[in-house]
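Q: Quick one: the structure is below, and I'll ask about it shortly.
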């Protein structure tokens, strides 16, 4: 069964659309949803990640949700292996795999079947020691000397990617970009649909979404996860909303600190949306649909358009 993929920026209604599509098809074919959001992999991280509550999933099987503890590190390679196995198992059952999410690397690694460069723990440890000694700016300067093209696209403060680039350059003897995958025919010949909407409208949705998360108990959720090791988690601790709330709690959790956390979460989400758009828009395989209007009639029209595109592609 040819998979269907729904991608797009945060706040465009991907998860709700996926459930509606699965529900619409349920009388004809079974549908199983595969998550492609890095932070929805974590158990207990529900409110801040926009995870659809179990009661609202309409009995539709979901995969790649709640598979990691907050202390475990999520990796693109690990996700790729697990999600690919899920998709192939779903298809083997004669069901439709429906991939949904906005984590750019996760989506592309899966659809383009990325081959990841080898790792060398000793080399990585040496660059990590160098990072600890000189800091991210000096380490980035090392990358500028060894691979200017990689340094040009890796932010100065992104120490993890800088370390990885230096590791790959040393292992392969080639520029980091030489190991980067290219966009080709999507794996499993998946149909790819993108949802987006006007920036002004999406910014308003993100503000409302952030407020709703805090109103629903994001602060309490973060507090409940701290004894589980949230602050120690390499990946989980960086999640939007969670990182900001932890900073507010450190600052005393007064009204001013928590208001600042909410504002910073909204601003950080808007910045993330810009990066999502930039990444996804370069993929010419995507058929984009406008999700600006949120009336019931327009949502129905979007579902029909998605299904039509999938049927034509199939």
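Quick reminder: no glycine exception, Cβ is built from N, Cα and C everywhere.
Sharing the record's features from Swiss-Prot:
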| type | residues | note |
| --- | --- | --- |
| BINDING | 8, 9, 10, 11, 12, 13, 14, 15 | ATP binding site |
| BINDING | 10, 11, 12, 13, 14, 15 | substrate binding site |
| SITE | 103 | site 'Interaction with substrate tRNA' |
| SITE | 124 | site 'Interaction with substrate tRNA' |
Q: Which residues of the same chain, at least 6 positions away in sequence, have a Cβ lying under 8 Å from the Cβ of residue 9 (ATP binding site)?
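A: Result: 102, 196, 202, 273, 276, 277, 280.
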Q: Determine, to the nearest whole angstrom, how far the Cα atom of residue 124 (site 'Interaction with substrate tRNA') is from the Cα atom of residue 103 (site 'Interaction with substrate tRNA').
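A: The separation of the Cα atoms works out to 25 Å.
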Q: Using the Cβ center of 8, 9, 10, 11, 12, 13, 14, 15 as the ATP site position, which other residues in that chain lie within 8 Å, going by their Cβ?
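A: Output for this site, in sequence order: 102, 195, 291.
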Q: An 8 Å radius from the center of the 10, 11, 12, 13, 14, 15 Cβ atoms defines the neighbourhood of the substrate site; name the other residues of that chain inside it, in order.
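A: Result: 8, 9, 16, 17, 50, 102, 195, 291.
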Q: Helix, strand or coil: which one is residue 11 (ATP binding site) in, per DSSP?
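A: Looking at the DSSP assignment, residue 11 (ATP binding site) belongs to neither helix nor strand, so coil.
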Q: Let me check the 10 A CB neighbour count of residue 13 (ATP binding site). How many other CB atoms are there?
A: 17
Q: Distance between residue 14 (ATP binding site) and residue 103 (site 'Interaction with substrate tRNA') at the Cα atoms, whole Å?
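A: Between the Cα atoms of residue 14 (ATP binding site) and residue 103 (site 'Interaction with substrate tRNA'), the distance comes to 12 Å.
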Q: So which of the recorded positions is most packed in, judged by how many other Cβ atoms lie within 10 Å of its Cβ, out of 12, 103?
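A: Most Cβ neighbours within 10 Å: 12.
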Q: Give me the long-range Cβ neighbours of residue 8 (ATP binding site): same chain, 6+ apart, Cβ under 8 Å, in sequence order.
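A: Long-range Cβ contacts: 14, 102, 194, 195, 196, 276, 280, 291.
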Q: Sort out the sequence-distant neighbours of residue 10 (ATP binding site) for me: same chain, 6+ apart, CB within less than 8 Å of its CB, listed by position.
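A: Within the chain, residue 10 (ATP binding site) has Cβ neighbours under 8 Å at 50, 102, 206, 209, 269, 272, 273, 276.
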Q: Let me know the DSSP-derived helix, strand or coil state of residue 103 (site 'Interaction with substrate tRNA'), please.
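A: Looking at the DSSP assignment, residue 103 (site 'Interaction with substrate tRNA') belongs to neither helix nor strand, so coil.
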Q: Determine the Cβ neighbour count for residue 14 (ATP binding site): the number of other Cβ atoms within 10 Å of its Cβ.
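A: Around the Cβ of residue 14 (ATP binding site), 23 other Cβ atoms lie within 10 Å.
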